[in-house]
Amino acid sequence: ADKAASGVLTKLPQKQIQEMKEAFTMIDQNRDGFIDINDLKEMFSSLGRTPDDKELTAMLKEAPGPLNFTMFLSIFSDKLSGTDTEETLRNAFAMFDELDTKKLNIEYIKDLLENMGDNFTKDEMRMTFKEAPVTGGKFDYVKFTAMIKGSGEEEA
């Protein structure tokens with residue numbers, strides 16, 4: 001696994017590695033260099049979600065060993081290389097869609113983007129959602145991911 005993991009560092013652009021480092025650091029709540037079940041619990045809790053231990057354990061089992069940054073990169077490298085990015089994006093939005101409506105409150109999404117991770121500015125927010133499918137304050141993330149990935153598919 002170490003060979004595969006170190007190969008990831010040479011495959012990904014530096015900017016992407018830096019973005020992944022920021023994501024890893026955000027998830028690694030106790031800053032010990034590893035993502036464990038407690039880190040995941042805290043992260044999801046800060047997002048207003050409470051997945052059970054079984055779900056969290058399943059996530060962690062994707063790694064063949066302790067989930068340090070190199071392993072984190074290794075696991076996500078295929079997704080980052082574009083193999084299933086539309087699905088990955090849709091799934092990321094779906095994590096916040098507890099009722100599975102395929103739509104999210106646009107103000108909630110904006111709040112997350114302003115206050116978590118990269119902390120979008122008002123201008124970045126305006127540009128991101130300029131063409132976004134928003135009706136009645138609801139952001140249609142399935143249409144949005146199809147639109148930005150160019151598949152033209154409206155349904156999963």
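Just so it is clear, glycine is given a Cβ too, placed from its N, Cα and C backbone atoms.
Copied over from Swiss-Prot:
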type	residues	note
BINDING	Asp28, Asn30, Asp32, Asp39	Ca(2+) binding site
DOMAIN	15-50	domain 'EF-hand 1'
DOMAIN	84-119	domain 'EF-hand 2'
MOD_RES	Ala1	blocked amino end (Ala)
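Recorded features from Swiss-Prot, shown on the structure.
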{"residue": "Asp28", "record": "Ca(2+) binding site", "CB count, 10 Å": "20"}
{"residue": "Asn30", "record": "Ca(2+) binding site", "CB count, 10 Å": "11"}
{"residue": "Asp32", "record": "Ca(2+) binding site", "CB count, 10 Å": "11"}
{"residue": "Asp39", "record": "Ca(2+) binding site", "CB count, 10 Å": "21"}
**Distant-in-sequence neighbours of the domain 'EF-hand 2' (84-119), which means Cβ under 8 A and at least six residues beyond its ends** = 22-23, 26, 46-47, 49, 78, 125, 128-129, 132, 134, 137-142, 144-146, 148-149, 151, 153, 156
**Asked** Mind checking how the domain 'EF-hand 2' (84-119) divides into helix, strand and coil residues in DSSP?
**Response** 20 helix, 3 strand, 13 coil
**Complete:** Around the recorded Ca(2+) site (Asp28, Asn30, Asp32, Asp39), other residues with Cβ within 8 Å of the Cβ centre, ordered by sequence, are Ile27, Gln29, Arg31, Gly33, Phe34, Ile35, Asp36, Asn38
